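Asks: For 1-31, the entry in TrEMBL reads region 'Disordered'. The repeat 'PPR' annotation in TrEMBL covers 126-160, 161-195, 196-230, 231-265, 266-300, 301-335, 336-370, 405-439, 440-474, 475-509.
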Amino acid sequence: MAVLLNSVPPMTSLSTDHARKPQTPQFHSFSPKSRFSRVLASSQVALASKDAVFTLPNWRSGRTDPKNKDYRLNDAFLYLEYMVGKGHRPDVYHATQLVYDLCKSKKLRKATRVMEMIVDSGGVPDVASYNFLVSQLCKRGNVGHAMQLVEKMEDHGYPTHTVTYNSLVRGLCMLGNLNQTLLFIDKLIQKGLVPNAFTYSILLEAAYKERGAHEAMELLNDIISKGGEPNLVSYNVLLTGLCKENRTNEALSFFRELPSKGFSPNVVTYNILLRSLCREGRWDEANGLLAELVEAGLSPSLVTYNILISSLAFHGRTDNALKVLNEMSKGEFKPIAATYNPIIARLCEEKKVEEVMKCLDLMTYRDCNPNEGTYNAIAGLCKQGMVQEAFSIINSLSSKQNSSNHEFYKNVISGLCRKGNTFPAFQLLYEMTRYGFTPDSYTYSSLIRGLCMEGMLDEAMEVFGIIEESSYRADIDNFNALILGLCKSQRTDLALQIFEMMIQKGYMPNETTYTIIVEGIAHQDEKELAALVLRELHLKQVIGRNTVDRLLMQYDFEDFNG
């Protein structure tokens, strides 16, 4: 750990790049305090009356450069904080717009602070913005901070609705503690808040994922016995749970009971059962269910067609899958890449190269562009020992793209690695290099990440040996990719060894490097140590405040003055 902290360059060296520039500094090159002073000077807001409502400087105007936008957004936040600190009241509309934009920029800590400042200054934020902020906090795993915000809002007399609490319920369920969630709901009921059908659906989904479909059914019965009123979505959730456990017959029986419970199945209900029947190859029953769907006055959806096509292809019935695809094309739905990919994957598995080419030509004719799933489907040929054929197909697709061959090849390799097809990626890379493709930093980083994702950590580290033997020299992004892969594999010890090697070789870590390591330490259940390292790195000015705020929110670190 000492190597990590001592690797930070002296603070005086951080601004050397700015010192070399002869031109006038841009607005964002000033210190935050200097920038803030400029905002105050340009705002032309009278500060005499504390009763006057002030507006914020327009952070949305100006250049569209993301970094520039971040600076303007931060300046608006600093201005708001200064004015509220002086006892002035912000325009609620502008302040809530700031909440939205801070959330979209993943600055949730500042967004929360803005909401608190609105309330502290006597403002009343609209329900939508408040619920949006709570939802965003919970989606990113910051349930504790979301609960603190809700408590603060309630202390100020701001009513909290069921929609708000549903976000908290979903957040708690995402943490995988159903018991804690049920206790939380009991407290809500004691407060007089009534759970709705959406609440029950969240609980039932969490129950079958954590404890199985049987426990979810028991929970449903308990909800109904206490006067709860689940809706069709709740029953669809239970059907999904049964089907995922391969209990298709029980799911069908449950489906037949829906009318007696007062519910008419919708297209989603039919799709859940259809997927399960098709996966098991029960085609007659699947056809019967489709007929029922039409008789009920419902129409198949895009999902319905994709289920049929992917299932037929999976079972080797590609001719039937293509017939369904053609029927679909004549109707209101336009096939997408995900529609074609299962057919292509099966044809590759069966080594039917000509049929693959015909299917790809059909995609092109119907203005459907290949995606990562398409490349991964074609990579199936590599597994059949047909690497050159796979490359030939990839090469033909390259000629039809607007981008250069280099960009296309690079994207193919990265797409394969993201889906765990790293070995075919290496095989295709070999063919690509024979045709003049030179791997770059991004390509090597993709390969390293892919190997780590597949648990081949030794092989990922060996990639550096390959790099050193070539004319290309590893860069900081390659090291970051390896360090990240090792941390995600819960091997922070190895990650720190690679970090030390990087320092010894004369590479200078960047903010991303340090952030990855802090997160790696946190994932090893060493939150106190991670917080300590984060504090030290922030004091040494190699991790910015925005990153600090994100990490504090994400891992519930105790705040610190840095």
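Quick reminder: no glycine exception, Cβ is built from N, Cα and C everywhere.
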Asks: Please spell out the DSSP helix, strand and coil residue counts for the repeat 'PPR' (126-160).
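Replies: Split by secondary structure, the repeat 'PPR' (126-160) comes out as 26 helix, 0 strand, 9 coil.
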Asks: Over the repeat 'PPR' (440-474), what does the predicted model average in pLDDT?
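Replies: Reported value for the repeat 'PPR' (440-474) is a mean pLDDT of 89.
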Asks: What is the three-state DSSP composition of the repeat 'PPR' (266-300), stated as helix, strand and coil residue counts?
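Replies: Grouping H, G, I as helix and E, B as strand yields 26 helix, 0 strand, 9 coil.
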Asks: Which residues, given as numbers and ranges, are at least 6 beyond the ends of the repeat 'PPR' (440-474) yet have a Cβ under 8 Å from it?
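Replies: For the repeat 'PPR' (440-474), the sequence-distant neighbours (Cβ-Cβ under 8 Å, at least 6 residues beyond its ends) are 410, 413-414, 416-418, 420-422, 425-426, 429, 480-482, 484-486, 488-489, 491, 494, 498.
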Asks: Report, as numbers and ranges, which residues of the same chain sit near the repeat 'PPR' (231-265): CB under 8 Å and 6 or more residues beyond its ends.
Replies: 197-198, 200-201, 204-205, 208-209, 212-213, 216-217, 220, 272-273, 275-277, 280, 282, 296
Asks: Which bits of the chain, at least 6 residues beyond where the repeat 'PPR' (301-335) starts or stops, bring a Cβ under 8 A of a Cβ in it?
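Replies: Tertiary neighbours of the repeat 'PPR' (301-335) are 267, 270-271, 274-275, 278-279, 281, 286, 290, 293, 342-343, 345-347, 350, 355, 359, 366, 368.
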Asks: Within the repeat 'PPR' (161-195), count helix residues (DSSP H, G, I), strand residues (E, B) and coil residues, in that order.
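Replies: Summed by class, the stretch gives 26 helix, 0 strand, 9 coil.
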Asks: Which sequence-distant residues neighbour the repeat 'PPR' (475-509)? Criterion: at least 6 residues beyond either end, Cβ under 8 Å.
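Replies: Residues 1, 3-4, 7-9, 441-442, 444-446, 448-449, 451-453, 455, 457, 460-461, 463-464, 467, 516-517, 519-521, 523-524, 542 contact the repeat 'PPR' (475-509) from elsewhere in the chain.
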